[in-house]
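> Straight out of TrEMBL:
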BINDING   Arg221, 241-244, 309-311, Gln315, 363-366, Arg543, 554-555  substrate binding site
BINDING   Glu237, Asn239, Glu460  Mg(2+) binding site
BINDING   Glu237, Lys402, 456-465, Tyr467, 492-495, Glu518, Lys545, Glu551  ATP binding site
DOMAIN    300-399  domain 'Glutathione synthase substrate-binding'
Amino acid sequence: MGAVQSSPLALTTADACFIPVASALLPPRASSHVAKPRSNSFLSGRIRRVDEILEPPVSKFTSPVAQNPIFPRCLPLKCVRSEMEAKNDEAAGKPTSGFVEIDQGLIDQMVYDALVWSSLHGLVVGDRNVNRSGKVPGVGLTHAPFALLPISFPESQFREACELAPIFNELVDRVSLDGKFLQDSLSRTKKVDAFTSRLLDIHSKMMEINKKDEIRLGLHRSDYMLDEQTKLLLQIELNTISSSFSGLGCLVSELHRSLLSHYGETLGLDPRRIPTNAAVSHYAEALAKAWIEFNNLKATVLVVVQTEERNMYDQHWLSSVLRERHNVRSIRKTLAEIDAEGELQPDGTLLVGGVPVAVIYFRAGYTPNDYPSESEWRARLLMEESSAIKCPSISYHLAGTKKIQQELAKPNVLERFLENKEDIAKIRKCFAGLWSLEDPHIVGKAIESPELFVMKPQREGGGNNIYGDDVRETLLRLQREGSEEDAAYILMQRIFPSISPTTLIRDGICYKDHAMSELGVYSAYLRNKENVIVNEQCGYLMRTKISSSNEGGVASGFAVLDSLYLT
């Protein structure tokens, strides 16, 4: 029987994010009226949906924001709602209370307080300008990039995303058990994508020796955007490996709650509308429960890391909570170090540096860059062959690939893995349009209207997707060459979320621009044989990026961390 889910809106101190400063030290929360969500009225009617691509072509959507990679310096911000929305409401006879202009002095004070809070509470990353910042803890720190105020988001859609989390957990587990489905679905991709091919080779070897993982652990994050025109919550991707920012993401929620406790009355914002984000606590608890199931008090949690990791503090938050709340220690090793120090015992126990490993938590291994030599691939195979609990296992990793996401969106495929018709309907409702490049009809439409599509390769992390005119050029090149390289990509409907004025802080500098946001919902799944021990949503991640940017990764420099203001 799975763990009982806590309400995603619970605001109890006991469930609050683990931080060194007690919540009781914060001033009393202000009690103010709740402002209305910001809208994107100036975009209304100017973006076609993918389900309208059969209609005669219309002019492309042109962003109102200049295509400038450098944010303009901070200007007075219209809080909560755009000035245009306020004027539209006034013209329509709607109340405009809550529309507050924030003067520059108040913004400067909030920015200063936010930067101090970030420094005191560990909302930090490595500074790219300091050479050793990605290798030596405490050297070259800077605050993580963040939005000054939380983003408005409908409470109903947030609840919907939270309710989907345990269903997707079950789906991933079921898909991972169907080795033939994984191998067949990725067979064409294997021919043209060397990285996916190597992953499939390891998976195939596990199938050949009939390797069974009785204890299965997944720490996932499903990412969504709220489509402005349809108001549908649409899934962008499901991350089954290295779901980052469980530590820093919940700190941003605490930062915003702290700011609104001080300035909420002036801004017309209620800090209680920011849902508690306990992702790091729930993730640590799931890892600890997996460690208990392994049943070896001398064993450790192995965190697989990259050689240089400026986002190490997000990872250290998780390790710190794991140690201080659950008395479970962890060690950090690169793939090369695991190859050099790893040893497989006759009973399947993995030793690294002579220490037995209970759980392997991957924060690396999801990109070809993590495998510069055969040493790293040997380490990945060694870990997979061991009896240690993998998070993720090779089958969980493959279940999260873009191609599998596209396959699951096909008619009648979900029914292969799930029995509950309501669950199937909920998942299908959040699927955006997903297509194989084997479909000449949809490829033709993407060439005709590339602004409505995104080309995605089998890669994790920011900076890999293809947008706009590059979609057309890539598709035309693939047609000319007539190769099977098209199997390395899928086509996805491009989602157009609402755009709102936002203040962003990066490197201690305040910027204002129009921005859009992406919601990620964390979840944990743990079972031992047929006993489901954990299946729950664990918290959330908001990432906000300027609307002129296509990519959305925080670590890769495209976005900032944010939190939710429920409306």
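Glycine is treated like the rest: Cβ placed from N, Cα and C.
Just so you know, TrEMBL annotations never went through curation; they're auto-generated.
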> Using a 10 Å cut-off, grab the number of neighbouring Cβ atoms around the Cβ of Gln315 (substrate binding site), all chains included.
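That number is 22.
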> With helix taken as DSSP H, G or I, strand as E or B and everything else coil, how many residues of the domain 'Glutathione synthase substrate-binding' (300-399) land in each class?
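For that range the per-state counts are 43 helix, 26 strand, 31 coil.
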> Using Cα coordinates, what distance in whole Å links Glu237 (Mg(2+) binding site) and Tyr467 (ATP binding site)?
16
> Within 10 Å of the Cβ of Arg494 (ATP binding site), how many other Cβ atoms can be counted across all chains shown?
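Looking across every protein chain shown, the total is 25.
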> So how many other Cβ atoms are close to Asn239 (Mg(2+) binding site), meaning within 10 Å of its Cβ?
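Asn239 (Mg(2+) binding site) is surrounded by 20 other Cβ atoms within 10 Å.
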> Nearest by CA distance to Asn239 (Mg(2+) binding site): which of the binding-site residues is it, out of Arg221, Gln315, Ala364, Tyr366, Lys545?
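Result for Asn239 (Mg(2+) binding site): the nearest of the binding-site residues is Arg221.
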> Please compute the mean pLDDT of the model over the domain 'Glutathione synthase substrate-binding' (300-399).
97
> Using a 10 angstroms cut-off on Cβ to Cβ distances, just flag whichever of Arg221, Arg310, Lys545 is the loneliest among these binding-site residues.
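Among the binding-site residues Arg221, Arg310, Lys545, the sparsest Cβ neighbourhood within 10 Å belongs to Arg310.
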> Relative to the Cβ position of Tyr366 (substrate binding site), how many further Cβ atoms are located within 10 Å?
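Total other Cβ atoms inside 10 Å, all chains included: 21.
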> Cα-Cα, whole number of Å: Arg310 (substrate binding site) versus Lys545 (ATP binding site)?
20
> Spatial neighbours of Arg494 (ATP binding site) among the binding-site residues Arg221, Ala364, Tyr366, defined as Cα within 10 A: which are they?
none
